[in-house]
Amino acid sequence: MLYCRSIFSQYWTGHCPVFQYNGKHYKQLHGTAMGSPVSVVIAEIVMQNIEERALSTCRQTIPLWLRYVDDTFTAVRHDEIDAFHNHLNEQNTDIQFTREVEENGKLPFLDCLVNSGEERERKIHNDNDNKDRLIYLSTEVSLLNRTMEHQGNFSSGQGHEDELFDPLSYKIMVITFFSVIFAFGFLGNVSVLGTILKLKQLRNPCGFLIGTIALADLGVALVAAPLRIADLYLKGWPFGGALCRLIVPLQDVLVCVSVVTHSTIAWERYRATVTPFKPRLSATRIKFVILGIWVSCYIFSGLPLVIPLKLLPFNGALHCLPAWSDLYRRIYEIYLVLVFIVAQLIIQSYAYVSIIRTLKTKSDVIEMVEKDRKISTASGASIPFNSGAPCTAMVVRMKRKRKLVKMLLVLVTGFQICHLPRGVTMLYREFADPVLITPAFNYIDLVALALYYLKHVINPLILFTMSEDFRSGMELICGCYNEKKRSKSDTESTKLVTTRLEDTPVLERRVNTLETTV
């Protein structure tokens, strides 16, 4: 009998989708195949539908609702547990929830032991039937703010063994850092935009594209920096659902505009240097290109984030959070890194390597022509009077191109140094084993985030340091301001002199006039 049951069990488990629960075998009658990759996606879709209907029609107030696929972590009043449990099971008769209630202030959830005491404690908890499975969870406001949210959550509690900063130090650090980003980002990028508008020689395709980067960096300084400071004091998201879907994706859009514009500058310089006989971009065409950059960046980076963003309850307040599955989030992160970091780096590297090779070749040709001309002069051969003028003009033009390319190379190198670490740490935090997320990595992640925001401040410094045009434009702006102050001061002095002359007698007025003439 035992032998027959063993044969039956082997056949049953080998050929039928079954599982065991409480000592009994169950056979799957309908639904997706267990273990299939599509099952996770279908389960996520079904659970999203159930939770939306359950939470929107629930009579109880649910201060906390967290879900990972089909496992939920919920805070409910003790006298409303049964009512809420029954309400959940009424949503779909084929899907019924079981529950576990905290004991002595502790509740195991997803291999973690949650402690509801005043001091937060984190401990890995393994069920007897799942000792080899560890799940790493993270909840972020947006992909751009993951590290600061992570450190903020750590610093807001006590007794955490991996805490990097105490709450007061964390607040001081955040306020100081983002105040610097706001102040220097605003002053520097406004100066760049003003210089481009003031100087006619900077109102060319390359100048307009540099202005686009300055405008995007100015947006980050005015939007992202104040929001990060406000996060320390605001409870939840008080600005409503419309601004949630507008402001949070705008941060991603601004960053993508900046990186794509750097690639567009590389492409424009490639056309002007490597293929000089192609028609150049006019001011009108470059404006359409810039408009296309903004629209495409919103479609391909902002819109995928707009769709899942919702106001979700968390810790007794509404927060602007993306309601998406782990699969969707990971696909989105990989997509951002591949399209807006890796692909752009390849485009920029290819363009500037080609530009440098072309400039070197042209320089060699000019040197050979100059050398031949000097040899001909020394040998006494007849040379036309203006034969050296075209070559001299080419040398001047070549020097200007070299300076411009050198400045653009420094710009794009500084941008990538600040931009690349953020993508690497973001993917590492998402896909690495949780055991490898050590305090040392948290420090590295924090430095990567600081560089990520600093890149919106360094461009004006590079431009005004390396470009004579930008320096002269800044001097012109300051000179105009001083000239206005001087002319205003002269006008006031003239008024004072006129008033005094009118008040003096005629004889004294003549004497003053003579003295002035002398």
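For all residues, glycine too, the Cβ spot is worked out from N, Cα and C.
Annotated domain 'G-protein coupled receptors family 1 profile' per TrEMBL: 188-463, in sequence order.
Residues or ranges marked as transmembrane segment by TrEMBL: 172-194 (among others).
Taken from TrEMBL, the feature transmembrane segment applies to 206-227 (among others). Counting same-chain residues at least six beyond the ends of the transmembrane segment (206-227), those with a Cβ under 8 angstroms from any Cβ of the stretch are 144, 178-179, 181-182, 184-186, 189-190, 192-193, 196, 247, 250-251, 254-255, 257-258, 261-262, 264-265, 268-269, 283, 286-287, 290, 293, 404, 408, 453, 455-457, 459-460, 463.
Feature annotation from TrEMBL assigns transmembrane segment to 247-267 (among others). Counting residues 6+ beyond its ends, the transmembrane segment (247-267) has Cβ neighbours under 8 Å at 141-145, 206, 209-210, 212-213, 216-217, 219-220, 223-224, 227, 239, 289-290, 293-294, 296-298, 300-303, 305-306, 309, 320, 336, 340-341, 344, 347-348, 351-352, 355, 408, 411-412, 415, 419, 455-456 in the same chain.
Taken from TrEMBL, the feature transmembrane segment covers 288-307 (among others).
Taking Cβ pairs closer than 8 Å, the transmembrane segment (334-353) reaches residues 143, 252, 255-256, 259-260, 262-263, 266-267, 269-270, 300-301, 304, 405, 408-409, 412, 416, 419-420, 423, 426-427 in its own chain, all 6 or more past its ends. According to TrEMBL, the transmembrane segment annotation covers 334-353 (among others).
The transmembrane segment annotation in TrEMBL covers 404-424 (among others).
Under the heading transmembrane segment, TrEMBL lists 436-454 (among others).
For the domain 'G-protein coupled receptors family 1 profile' (188-463), the predicted model reports an average pLDDT of 84.
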